[in-house]
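Okay, so here's the structure we're looking at.
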Amino acid sequence: MSALLILALVGAAVAFPVDDDDKIVGGYTCRESSVPYQVSLNAGYHFCGGSLINDQWVVSAAHCYKYRIQVRLGEHNINVLEGNEQFVDSAKIIRHPNYNSWTLDNDIMLIKLASPVTLNARVASVPLPSSCAPAGTQCLISGWGNTLSNGVNNPDLLQCVDAPVLPQADCEASYPGDITNNMICVGFLEGGKDSCQGDSGGPVVCNGELQGIVSWGYGCAQPDAPGVYTKVCNYVDWIQNTIADN
């Protein structure tokens, strides 16, 4: 994977080969307000997703880092002002100290919002995991990624896909030598349904808890190439300590 990662980190989800775009494949348009923890990271344009974990902090992928970020919450159609959005600038952006941009190990970052958001039916936090999700756990992945394998069709409406956590042995067999203990695979070995990464930094929520962060993958919904996600259960202490210190 290392050589391929030279092509990565362009703000959208990391997906290889380059002729396969980031997108949700085999998914559906999320019901409005059904993913109230989903945020859009904006720098004059939508470039990544993230997850609201309390009224002033967002979790995303470290490879989504920019010096300044506006966090957009309460979004469904990201190209229309629907009246329920909250736009808040970042006050602090903190990447994991052991993030490796070459291997994408520890691909996680925290964003402190300049002011707390108002929590309501459209904007709500998602709990951190109380334990790691076992293989077979069903999860919801969401994002505004491109919907075409070739070409560009960025959806206005938030897209969702349902997929299971895969056994770690299957994950490692799909990407020999590239999977660390801080990564999980979610999807289908037969292909056909995949976030492909949807949008980098976006959520993987299983049984109501944030278990994954969209990180990288090879192609889109390809057989034996499931999506790879940051394993959030390994970072609960780091998240809580970082929030307490900032």
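Any Cβ shown, glycine's included, is placed from N, Cα and C.
Swiss-Prot records a disulfide bond between Cys185 and Cys171, which is the match among Cys171, Cys196. Between the candidate recorded positions, Asn77, Ser200, the densest Cβ environment within 10 Å is the one around Ser200. Around Cys171 (disulfide bond), taking its Cβ as the centre, 23 other Cβ atoms fall within 10 Å, counting all chains.
Put simply, of the recorded positions Glu75, Asn77, Glu85, Ser200, the one whose Cα is nearest the Cα of Cys48 (disulfide bond) is Ser200.
Take the CB of Cys185 (disulfide bond) and look out to 10 A: across all protein chains shown you find 27 other CB atoms. By the criterion of other Cβ atoms within 10 Å of the residue's own Cβ, the least surrounded of the disulfide-bonded residues Cys139, Cys160, Cys233 is Cys233. Same-chain residues at least 6 positions away in sequence with a Cβ under 8 Å from that of Glu75 (Ca(2+) binding site) are, in sequence order, Gln38, Val39, Ser40, Glu82, Glu85, Leu158.
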